[in-house]
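What TrEMBL says about this protein:
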type   : residues : note
REPEAT : 38-70    : repeat 'ANK'
REPEAT : 105-137  : repeat 'ANK'
REPEAT : 138-170  : repeat 'ANK'
REPEAT : 174-206  : repeat 'ANK'
Amino acid sequence: MAFLEAIRSAETEDIQCSLRRVRWVGHAVLKDESIASTGRNALHWAACGGHLDLVEKLIASGVDKDCKDQSDWTPLMIAVSAGRTQVAKFLIEEARADVNAVNSTGQRPMHYAASKNRLEIAQCLLSAGARVDIRDWGGTTPLHRAVSQGNLDMVKLILEQASSTDVTNIADNEGSTPLHYACEEDNMSAVRLLLDAGASVSYKNKAGKTPLDVAPDVLRLNLTKLLTETGVLRIKIHP
């Protein structure tokens, strides 16, 4: 079985052979051997499969820790998306991989951690300097992604880490803020977290709609009541 195929298919015996092979195979092979359809090399596939020993040996042999596939995904992005916590932590803490690397869609490792609720990995990324105020090509931040997936613990973590940066009112390419997303998803818990962090209820998206405008009827009534009681909105509720 070919070197990369052994890693991709997670055949234990072949992976052990691959580990031994790392000791003597030329660096050029480890760096350049890839599967044409994806552009991924041995390190990408080892990260994807969660093979920490192989990841460590490949990097020690000289493989670029931030190498990119055809879609500009780095091994760290792949490990984060796949939930390979130990591999991700090694790449962040030991290999010092770029925690703000960007792929072909403008997404960074934190976007994937946020959307897939990888809390432990997200904490490592943030401790290493991952930014939460950067947008992908669609204009969404990690906070947009966490809110859209209903990952409340991730929302809390991002808001805590972004205490000195206003990420609550960053709009995507359609002009929608994370609060628009929370209202559209009918997620009152996320709405409360965002409001407590300073999210604006009057921010209009490109369609001219505020977060209240895009909320389902029941949420809109409850939210209007809450905002009126707290003095944010000085209006009466009209069912």
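Backbone N, Cα and C atoms are what each Cβ position is placed from, and that goes for glycine too.
These numbers come from a predicted model, not from an experiment.
A mean pLDDT of 93 is what the model gives for the repeat 'ANK' (38-70).
Secondary structure of the repeat 'ANK' (38-70), assigned with DSSP and counted as helix (H, G, I), strand (E, B) and coil, comes to 17 helix, 1 strand, 15 coil. Proximity of distant same-chain residues to the repeat 'ANK' (174-206), defined by a Cβ-Cβ separation under 8 Å and at least 6 residues beyond the stretch ends, is recorded for 139, 141, 143-144, 147-148, 150, 152, 155-156, 159, 166-168, 212, 214-216, 218-220, 222-223, 227, 232-233.
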